[in-house]
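Take a look at the structure set out below.
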C-alpha cells in the first residue's frame, strides 16, 4: 500500500509536468510576443548612418535661403511640409472614399464623400486617394498604436493596453514633441489616454457611448474650424467617431450612416475651402498637408477587430496645398486605374498603415520612431515634395523630368536613412528581446541590407554628392536600382515581422493541444484504474452520467465568446441544476431536505454576488453592455444597511472562529503529541481570524476603534502578523507531516488545520467579502458532503460506510470553486485582477512578494482552498485502519477526478482559442481567458501534488 | 418500507381513470387553448411574446388556467369525499404556491431579479405553475404521499398520473434547455428573459404530452399482451 501511495504522488507530479510541457508548447505558438524597446530615436543618431546627413544638393538650388526659410534646422531629412492636418474618420471603409467604379456594384453608401473624389481626380491635382491596409487587430486603440509607432501591436502590446495606458514605446507623436512641433488634438479621447502629456491643446470627447453618434463629431467640428485659422500648431489631429458608432448600432447600409457620411463631406468641404483660401504664398497653409484617413475598416454589420478584408481595408486621402506635384516613376507607382462613368481615367493608390509613421516623419523632417518598421511611401512622399522645384515653374518636358529626378534624389536619401533605422531596430530587437528572430532570417535580412548599402556607398552616394552630375539616364537608373534594393529590404523585413508578430504557429499550437488531449485520456484511465468496490463509482451510475454531461456542457460552452463572458452565470446555472437534482433525490429519500434547500439558497446568494461582479466587469469591458437593471432600488445610505454591511463581515469571522473551535473540540485530545500539534496550528488560525476581525473593526467608523491602529503601530502590522502566522502554520504542518508520519488517522483534524492555515491570508486579501464567502463556501461544502450519495442512501447503505463515492459531488465542488472565483469579484481579464490586494500589509512594491499576494487573492477561493479542502467532501467517520486506507484511495481518486475536470475545461479553452484565433475578440476575450485558465490549471496541478504529499 | 409503499399504491390508485383517447382529447383541448391564448394576444392586443412578454404571459396563463382546472378536476382523487368545487378551489391555491416555487427555482438558476423583470418573472412562473403544479393539485390535493410517489419517486400509476407527471417534467426540462441561448450575443429580442425559456417550456410541455400519450398506448398494449 505504501509503495502504491508513493506512486500516487509520482502520478500527480507527472501530470503537472505533462500539462506544463503541453501548455508551454501551445503558448509558444499562440501568444505572440513583441518586446517593447525603451529606446528613442534622436536627431543626432543619423550621423551614425551611411547616408547624407545634410540634404542633397539640388541642381536648381541657387537660392539657399528658400530652404532655411522653411525650417530652421533639419533633423534626419529635409522637411517637405510645414504643417499636417490628420483627420481620422473611425472605421472608414475603402468604399466610402473610393469611387463606386472600383467595386462590382454601386451601393447606397458609396460616393458620398464627393469632395475627396473631386479633388483626387481633378487635373493637375495634388491629392490622392489611397487604399490603406491595416494590420489586425483592427480595433481603434491597437490601430492608433500601430499607426503612431509604425509597428505591429501583438498580444503583449494589447495586454498592456487593457486599461488604455500611455504608449511607452517610441512613437510618431513623441518624435513630434521631441522636435519641437506643437500638437493639437480633438475628438476621440483614446488619444489622450495613449498620449497623456504630448498635446499642447486637446479637446477630448468620451468615446465610450456607442449609441451617441454626434457628441464627438460635433465637438470636433466645433473646435476644428477655429483652430484652422490659428498658427500656434504644427500638427492637428481630429478624430471623428460617428461612422464607427453608426456602423456598430445600425450597420453600414442604413440612413444614419449615409447622413454621417454626408455630414463629413460638408465638414471636409469646409476644411478644404479654408485651407485653399490660406494656401497662397506666405499664407497660413502655404505648405500644409491634409490627410483624411480611417484607422480600420468595418464589416457591413459594423463589426471590426478581426483580419478579414473588409475590416483590414481602409482608406486614406492625402492632399497638399501646394498645387504642383511630382509624378512618381511608374516602377514605384502602386495605383490601379478604372474608367469612371464619364470615361475618365481615375486611379487610386495603395499604402500600408505600417508605413504611415515613417512617411509622415519623413514629410515633416523628423526622426522616425525607433521601433518603426515601415518605409517611406513613394506616392505619399511625392505629394508633399512639390517643395523642390520651388517657384522655378519650369515648364515643359525638361521641368517634369528634372522634377522627377529631384524627387528621386531626395527619396533615395530618405530611404537610405529609413533603411538604416529599420535595420538598427531589427538588430537591437533581436539582441535584446527574449524571443528574437531566427538567425537564418537575420542573415537573409542582413544580406539584403548589406547589398543595398554597398551599392549606396560605392556609387549612389557619389552621384548625390556630385553637384554637377551629368543629366543622363544612367543616373536615373542607378537611383531606381537603389530604391528597388531598399524596397526589397523593407518588404522582407515586414514579411518577417508579420510572420513573427501576427501569425500564429499552428504546428506548435496543435502539438500542445495534442499532448493535453493525450494527458486527459491517461488521466481518465488513472481514475478508472482504481475503480474498486469502495472507490468512486463510475460505471452505470446516474451520477457519473450526469457529471459527464455537465463537464461536456461546460467544455462546449467555451466555444462561444458569449458563454465565456457569462462563465460565472453558466457555472452557477449548472451548480443550481445539480442542487435541484439533489433536492429531488433528498425529497424522494425523505432525508436531508434542509441541506438541499440550504445549498440552493447558497447558489442563489452566489449568483447575486456574481451579478455584482459582472456589472463591475461591464463597466470596463469593451464587449459587454452594462445592465444595472437587476439592482434593486435600495438606497445605500440607509443607516441600518450601512451598519449591516459593516458588521456582517465581522460577524461571519466570529462565526468562523466558532466553527473552528467546534471542529477542534470534537477531535479526541488524548492523542499523541502530534495530534495536539494539528490543534495548535488550528488555534493559530483562530488568532489570525481574530486579528482580521480586529482590523476590519478598527477600519470601520462605527466601533470607535480608530485609535487602535495607532496603538499597534500602523495599519500594516496586523496583515503582516497574519501572513507570518500563516507561514509558521504551514511550516509546522509540513514538518509535522515529515517527522511524525506514524499517525494518519485523523483526516478531519489535518484537513481543518491545513485549510484554516491557508484561509486566513485568503480572507484577509479578499477584503470584507472574504469572510462571507468563506462562510458560504464552508456551508456549501458541508451540504455537498451531506448530499453526496443521497440517492442511494437507505438503511442498509448507511451501515456500509464504504459505498462508492458519487462523482457528482466532485463536480459540484469544482463548479462551486468556479462560482467562487466570479463571486469574489474576479473575471477572466487583466483588469479583473484586484491590484489593491497586492498592497494589503505592504506599502512598497517588491515584484515577487506582490505577485504572490495577487496570485493568492485571485485564485485563493477558487483553487487554493478548493484543492486543499477537497477532503471535506469525504464523510469523516472511518475508524478501522482498513477503512482508513480505502478512504485514502478514494481521496486520491477524488483528486484525480478534480484534476480531470479542470484539465478538461482548459483543454476546451485551448481548442477554442485555436479555432477562434482569428476571431474579433481573440485578444480582448479569448487570450485573457486562456491565460487565466492555464495559470489556474498549473496551479491546480501543483497544489494537487502538495495535497497528495500532505494527505497520503 | 417497500411493502408499505405498495399498500399505498393500491389505495391511491382508486379514482377516475382515463383512456389514451381521452388523454388525447384533453391534450388537444389544452393545446387548443394555448393556441387560443396566442391568438387572443396577437389579434386583440396586437402584441406577442417578444414585444410585450408580461402581458402575453398573463393572458396565456389566465386563458390556460381555467381549462386545465376544469378538465383535471374531473379526475380528482376520492371524488366522493372531495367535491368538484373543492378541487377547483385547491388548484387555485396550488397555482399560487406552484408559482412561488417556480419563481424561486428560476431565481436560483439565474433569472434576473430586478424590479423591471419582476412582472415577467411572476407571469412566467404562473404559466409554469399551470403546466406543472396545477394539474397535480387538482387531482391529488394536499395528499403528500401521492405527490411524493409521482414527482419524487417517478412511479406514476394509471394514465392520469402519466398525464400529470410527464408534461410537467417536460415543461421544466424544456425551460431549462430554453435558457441556453440567453447568454449568446445574437442580440435577438427573443433572447430576453423569459421569452426563450417560455418557448422551451411550452415545447417541452408538448413533447411531454406526446411522450405520455405514446407511453400510455405502449403500456396498454403491453398490458393486453400480458393478459393474453
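Every residue number used here counts from 1 along the chain in the order it is shown.
Cβ coordinates are placed from backbone N, Cα and C, and glycine is handled just like the others.
Some features that TrEMBL has for this protein:
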TRANSMEM  A:12-31  transmembrane segment
TRANSMEM  A:506-528  transmembrane segment
TRANSMEM  A:534-553  transmembrane segment
TRANSMEM  A:596-614  transmembrane segment
TRANSMEM  A:640-665  transmembrane segment
TRANSMEM  A:677-698  transmembrane segment
TRANSMEM  A:718-740  transmembrane segment
TRANSMEM  A:747-764  transmembrane segment
TRANSMEM  A:808-827  transmembrane segment
DOMAIN    A:815-945  domain 'GPI ethanolamine phosphate transferase 2 C-terminal'
TRANSMEM  A:847-874  transmembrane segment
TRANSMEM  A:895-918  transmembrane segment
TRANSMEM  A:930-951  transmembrane segment
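Beyond the ends of the transmembrane segment (A:596-614), by six or more residues, the same chain brings 566, 568-569, 572, 575-576, 579-580, 582-583, 586-587, 624, 630, 769, 773, 776, 779-780, 783-784, 787, 790, 819-820, 822-827 to within a C-beta distance below 8 angstroms of the stretch.
Across the domain 'GPI ethanolamine phosphate transferase 2 C-terminal' (A:815-945), DSSP classifies residues as 102 helix, 0 strand, 29 coil. Across the domain 'GPI ethanolamine phosphate transferase 2 C-terminal' (A:815-945), the prediction's mean pLDDT works out to 83. Contact check: the transmembrane segment (A:677-698) against the transmembrane segment (A:747-764) gives at least three Cβ pairs closer than 8 Å, residues 6 or more apart, which meets the contact criterion. Residues 11, 15, 18-19, 21-30, 536, 538, 893, 896-897, 899-900, 903-904, 906-907, 910-911, 914, 917 of the same chain lie 6 or more positions beyond the ends of the transmembrane segment (A:506-528) yet place their CB under 8 Å from a CB of it. Within the same chain, residues 672-674, 677-678, 680-681, 684-685, 687-688, 691-692, 694-695, 712, 753-754, 757-758, 760-761, 764, 840-842, 949-950 sit at least 6 positions outside the transmembrane segment (A:718-740) and bring their C-beta atoms closer than 8 Å to a C-beta of that stretch.
Remote same-chain residues near the transmembrane segment (A:12-31) are listed as 155-156, 504-509, 511-513, 515-516, 519, 522-523, 895, 899, 903, 910, 913-914, 917, 927, 930-931, 934, 937-938, 941-942, 944-945, 948 (criterion: CB distance under 8 Å, separation of at least six residues from the stretch ends).
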